[in-house]
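Before any comments, here is the structure.
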């Protein structure tokens, strides 16, 4: 809401957002990028936000993880006992007895592991959830305390929401259950080696030589992965900005048929994100391959060396195997840490930017409690020799030694042309910025010496673009004062003349206002903003074009309200309109950052050559109504009016806001008060009905083009899966060899060693292949889903975006987080599933060939393992669904607050926003904690069952050996084959959490992809007229906004507009004037009745073509964060479509060429987010040029000149007059000067056309609506 300051950009604006030339800018960006690549936070810093209970949870979780990790080495010891029991008692009657004792120990171990595993998972998941929540709110809190300059230069709303929804998930992943898993695996590793040294140190030492190699491979991999993932994040952040801009300005996009362009630029950015995800996949695979290669080779070494030890050092075969197995189990667990390491790396990269922001000390700190707090202030304001330039454009001086004194209780008005620096004065008094040198004093004390929060609480700001938050009217007003009572709020609405219209709304004070206050008309929003300022009871009142957005009737009443409020307060007014200014105690005329004149209205008029007199004369030219005085007032007023409106826009120029508002002022009103509610209750079904389940086949079908890639990947995964069970056979063969005579032992140990190396080489080839192929398939799928979903969303009818669950913040979160999750369902999940199936299958085959009876017995028990896995998946699923959308609501709170940071700052509402945010987060956090408990139980239980299965199988084996049905060797072959298979299977269950989240994500994405747009701009069918005359007819229209079905806008509206004529629509704020424009553009369709163009029903015409015939200039122009040239060319559909000469011709017509050429980079100036770097008047002229480039047959002007001061307004009006020739033009306006020359004036009242005719005829109707509107203007300006 860069309203004030940057708007003041007027002057400011002459500079692009950075002072470097574009080329240099790109280079520095590249340098920054390269630095950014490797930026990470040291791991322990991720836990900087843990409190004492978190520390306790982490300690318990770590103890559990260590216990759980140690269970494996202990199991191998028991296993050594088993080999001995079997070996020594093969032919013994005691075998069952001896073995069953060992088996019982297995059961005890299982029980211990159950407890440890529960602690590990539950504690880590819960603490991860808690800390992530704390990081989110700390981040939001620091974002809110930053100085306004930070938002001008370093960040934007899209980025903040992206970090809060996307990056915190990565951080939570890195500090939650993954840490527990990591500790578990590491303790298996360490514990294993300690036991191995006890059993046989020499052999262990030999095997240890491979560890450094393993570690190096792992480290290299982590490094590469981190790099690739931060590169991917950077690319995706750019794509997110495209989403935010497009959906936030959907009406502008639709009107200029810019959907194609948005889709193309989105695709460009997601393709670069795709490339880095492939790199990431390949490097992970390569790392794993190298690790396994080293691992199997070290095995080969151990077997050859172990054979040597048996011959030379008298080791027993059992001891050698024991050492080898322990070392294997230990090192294997090290290999399994890779997903954890990847997650840590991604979390550290994500945390870097967030923590940098959290650490940033703002230059102007709202939370700083130091500084003076006085009993009260008188309210003298002085600017002393102030030098200032906006942080976004440091080389452009706004003030160069500016001074101004306003005594307490006085009303000072600042006038001057657009861009002279008027609003900058207000930004400095609010201390949004500090001057470079010089001082701003209140009661003679430098503003910097006061406690910021306290001094802001003494200042009330009503700006030209009031920003409201997505909550109820009551909550919006309550921002003015902490703990305000309902009585105080009601009194404030009375004073601000808002009580009447609020009472009419179905829910009264509890009516929800939409994103950026879209559900209300401009005048209504302004009155709520005034009520909010009144509630504060400020000593100093700052009015930045406060009444400009109102029509004559409301403006008069609001002005009276303001006059009442201004009594005994120091008031600073920025205005174009003289009527507002004349009664001020002092008028200061500002020109290019200098005060050229000051005095009262009458004093300044005495100097007929003075700047003030010239401004007044300018306004009179625009008018020839009765007396010059009157006229001047009224036109000024209007102009002002306008300004404000325009202003409005920049605030949050979400286009949605924009449009609605524009769309009719009131529509405004009518439009939305419900919408949010609706979003939740009536239309709300959308948010409440569970989304239909998406079948996996449907998602898989999207991956169709990658079938060859997936097939190859599957083959690789299958080979990879078979490696471990094969490994099991080899071990049992080796055990056999170790008990053979010396010469055979020597020969066999060499042979098996070579086989092991071969196994390693296979792994080295297969692993990277598998990862790379699945990364390609998964990456392409994500890219395809993102572009499908975005493409579909962009073509939705405008009404769809009025629902809160489709706001720009929510859509951004859907596209970034959900699409990534879906990949887990197809690519990653498939690769893992195939690998596990292969492990299981090969394990079973090997087991059955060895001893079918034993294999069958074990097989019967396998479902136990399966059931437990299933239970775990089921539990994970239950909770992830709502948690995600709940966080979406919370991120909407953040989106609102960051988008309106000036309002939050001036009302010291940071605490309030934080409370709302925390309230929205409570539910999801509770769910996360519940999920932790249940997952912990499931996880622990799976271990217990596993150990019981082992105990039973060995007991059964002992029985079979006793009965002579199998040999001790085969028992081990069955055991190893199945253990290895089980390890594979248990790995797959670790992926359970992702699949449940992914299904929910898929449902939310497919809900968009499957929805039929009611008014689809991508639909190429429909008639296209050869040549358009421009006759428009509206017959018997009735209309209500879909979001507020209970408020009727049009009842039975009829209006005929002849080709080439100009029709002006007038009426009160909220009568539905702008709605006519929305309907002509087919943003909405009427509920009944017909609209025709040249006799053809609009619905029968091709939508895209229809919109290309119309040029819209709204009261709040939406510009994109791109160059001026690109913004103008947007009218043509793309920068390539418009030639340089067309662009310049359009700019000249719109009277914009002069100011564009005077900026350093001319047409290559970047206008900033929502056009912030330009002043209101400049934005408007660029918007007019954009409409002109289209060469439209029909021109729609919705308060188009309202935001301009007298000088620019005259010139733009001339431009418009030139453009309007021979075009059908529809003008919505408050200001008489604009309306008088129209061929037909239509007065809209109560949903119908009450009067129509020319100015001359209508003015003569005694007591007519038009005549009384004109009369109002006159008196108001008097």
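Every residue gets a Cβ built from N, Cα and C, even glycine.
Range annotated as transmembrane segment by Swiss-Prot, chosen from 243-263, 264-284, 285-305: 285-305.
Of all ranges given (803-823, 824-844, 866-886), Swiss-Prot attaches the label transmembrane segment to 824-844. Among the ranges 887-907, 908-928, 971-991, the one that Swiss-Prot lists as transmembrane segment is 971-991. Which of 751-771, 772-792, 1003-1023 counts as transmembrane segment depends on Swiss-Prot, and there it is 751-771.
Local packing around the recorded positions 806, 1069, 1074 was summarised as the count of other Cβ atoms within 10 Å of each Cβ; on this measure the leading residue is 1074. Here the binding-site residues are 421, 1072; the one with the fewest Cβ atoms within 10 Å of its Cβ is 421.
For residue 416 (ATP 1 binding site), other Cβ atoms within 10 Å of its Cβ number 27. The CA atom of residue 422 (ATP 1 binding site) is located 34 Å away from the CA atom of residue 483 (N-linked glycosylation site).
In the three-state DSSP scheme, residue 483 (N-linked glycosylation site) falls into the coil class.
Around residue 420 (ATP 1 binding site), taking its Cβ as the centre, 24 other Cβ atoms fall within 10 Å, counting all chains. Taking every protein chain shown into account, 483, 1071, 1121 are the recorded positions, and of these the Cβ with the most other Cβ atoms within 10 Å belongs to 1071. If you check the recorded positions 418, 420, 421, 568 against residue 1073 (ATP 2 binding site), none has a Cα inside 10 Å of its Cα.
Nearest in space to residue 483 (N-linked glycosylation site), taking C-alpha to C-alpha distance over the recorded positions 421, 568, 806, is 568. For residue 1070 (ATP 2 binding site) paired with residue 806 (N-linked glycosylation site), the C-alpha to C-alpha distance reads 25 Å. Looking at residue 417 (ATP 1 binding site) and residue 1074 (ATP 2 binding site), their Cα atoms lie 28 Å from each other. Nearest Cα neighbour of residue 423 (ATP 1 binding site) among the listed binding-site residues (1068, 1069, 1074): 1069. When Cβ atoms from all protein chains are considered, those within 10 Å of residue 417 (ATP 1 binding site) total 23, not counting its own.
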